[in-house]
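Reviewing the structure listed below.
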Amino acid sequence: MSLHLVIIDALNLIRRVHSAQPDPNDITRTAETTTRTLQRIINEAQPSHMIAVFDHHLSDRGWRAELLPTYKANRKPMPDVLQQGIDAIQDAWWQLGIDSLLSEGDEADDLVATLACKVAAHQEKVTIISTDKGYCQLLSPTLQIRDYFQQRWLDEPFIAQEFGVTPAQLTDYWGLTGVSSSQIPGVAGIGPKAAKEILNQFSSIEEAYASPELPAKYRKKLDPHIEMARICKQVSALKTDIELGFNLQDIRFNSSSAD
């Protein structure tokens, strides 16, 4: 069997399932629903290796908030009842044969990105299960992102249609436009249309900033805010060099556990 690593963005999945439950206090039902969801994902993906990555609920906003104090400053905390039920959900997933990785100081996104890129760099297949478009900056011939809830692939054609740039330009795009859901401001006065025009003409923020060909209407917006653009790009970029402390053999998926 060829290697296929499936990485679950755990809280991304759990929060969406939990928010759709008729009784938010019924964590048993949330656990059962997420387990059925994972069973369907397993049946579709046929993974050889699988892991669920969790943000540690006590972790702060990390290095990104040090660079950009507004980063996720207004994000709603996890509901207490759900936070208290995470262990039960992890236990249910363990019964399926899926181990959990909890972040300790790093955001789950960076752990997912590091693991995915390490495996994809060896030309092995990786699927990230998440609705988070931030992972699309990682896209490669062997690394794909699946939005399970919309039943769609967040692939290059999707990125081209959604943003009008390439996956490699996404962090530059967000450096210009910002990301409202994470309180990343971007450059004042540069929205999606302007960012697309700039990045269709230039490969990056730095190339645009250095070029005498940058149109004056964008120059007057970018020049006073170039440092903010750089910070927003850096905050939008996922880290791929975290020490993980385990190897692939540790997360080999035993399909008999999911039967």
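Positions of Cβ are set from backbone N, Cα and C atoms, glycine also.
DSSP assigns D109 (Mg(2+) binding site) to a helical segment in the three-state reduction. The Mg(2+) binding site annotation in Swiss-Prot covers D109, and the record cites sequence analysis as its basis.
Marked as domain '5'-3' exonuclease' by Swiss-Prot: 165-255.
Shown in sequence order, T70, G178, M228, C232 are the residues of the chain, 6+ apart in sequence, with a C-beta less than 8 angstroms from the C-beta of P185 (K(+) binding site). Secondary structure at P185 (K(+) binding site), as computed by DSSP, is coil. What Swiss-Prot records for L176, P185, V187, I190 is K(+) binding site.
As annotated by Swiss-Prot, region 'Interaction with DNA' applies to 189-194.
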Using Cβ-Cβ distances, find the residues under 8 Å from D109 (Mg(2+) binding site) that belong to the same chain and are at least 6 apart in sequence, listing them in sequence order.
D9, D132, G134, Y135, L238
Which entry in the list of binding-site residues, L176, V187, I190, has its Cβ near the fewest other Cβ atoms, using 10 Å as the limit?
I190
Close approaches to the region 'Interaction with DNA' (189-194) from elsewhere in its chain (Cβ under 8 angstroms; 6 or more beyond its ends):
163-164, 176-177, 218, 221-222
Other than L176, P185, V187, I190, which residues of the same chain sit close to K(+)? List them in sequence order, counting a residue when its Cβ is within 8 Å of the Cβ centroid of the site.
G175, T177, G178, G186, A188, G189, A195, K221, L222, H225, M228, A229, C232
